[in-house]
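*Asks:* Just lifted these from TrEMBL, have a look:
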- 23-152: domain 'Tripartite ATP-independent periplasmic transporters DctQ component' (DOMAIN)
- 12-33: transmembrane segment (TRANSMEM)
- 53-74: transmembrane segment (TRANSMEM)
- 86-107: transmembrane segment (TRANSMEM)
- 127-148: transmembrane segment (TRANSMEM)
Amino acid sequence: MIELLKKIESFIRGAVFVAFLVMIVAVLVQVVARTFMDQAPLWTEEASRVSLLFIMSLGVGASFLTGDLVNVDLALMLMPPSLRRLFDLFSTLLVSIFSFMLVPGAWEFTVSGSWQTSPILGVQMQYVFVSMLIFSVLLGVFGIVKFIRILKQVPVSQPTIH
């Protein structure tokens, strides 16, 4: 199970890297074109938006698992470790439940894109909308993994004071 998670995480990191490259190239082309041309290519804006969606949808689960998501945890810092662990368990469980509740709606949203195409790239929107399904599933799955790690008392990233 741990080996499978590592492979999934490695694949996700690679996919996020590719999406970042696409976004960097699109934005760079747009900036250069706006500087030296009368009008920037239209595809650059749409490509950067789509790549940003995939960066977010692919990265959220792994970020939740490692504690890299931005959160307000001042109250957690003041709690004793046992109470902090209880709150971590509860919030992680709620995030997972909520994420899995989003899956049916995300699936319907994805399917609705089969009869739409993006205006500039000409891509069927279901390939763009699937990012919401990926977001929901990965956040739910990695939330369960984090929940199990907290239950087994495997060290999970804790908030730090900066």
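Note: Cβ is positioned from N, Cα and C throughout, glycine not excepted.
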*Asks:* In the domain 'Tripartite ATP-independent periplasmic transporters DctQ component' (23-152), how many residues does DSSP call helix, how many strand, and how many coil?
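*Replies:* Counting residues by DSSP class gives 104 helix, 2 strand, 24 coil.
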*Asks:* Most CB pairs under 8 Å with the transmembrane segment (53-74): which of 12-33, 86-107, 127-148?
*Replies:* 127-148
*Asks:* Note the mean pLDDT of the domain 'Tripartite ATP-independent periplasmic transporters DctQ component' (23-152), expressed as a whole number.
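*Replies:* Taking every residue in the domain 'Tripartite ATP-independent periplasmic transporters DctQ component' (23-152) and averaging pLDDT yields 92.
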*Asks:* Any residues 6+ beyond the ends of the transmembrane segment (12-33) with a Cβ under 8 Å from its own?
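*Replies:* Those are 39-41, 43-45, 47-48, 51-52, 54-55, 58-59, 61-62, 138, in sequence order.
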*Asks:* Do any residues of this chain, six or more beyond the ends of the transmembrane segment (127-148), have a C-beta under 8 angstroms from a C-beta of it, and if so which?
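*Replies:* Answer is 5, 12, 50, 53-54, 56-58, 60-62, 64-65, 89, 92-93, 95-96, 99-100, 102-103, 106-107, 109-110, 112-113, 118, 156.
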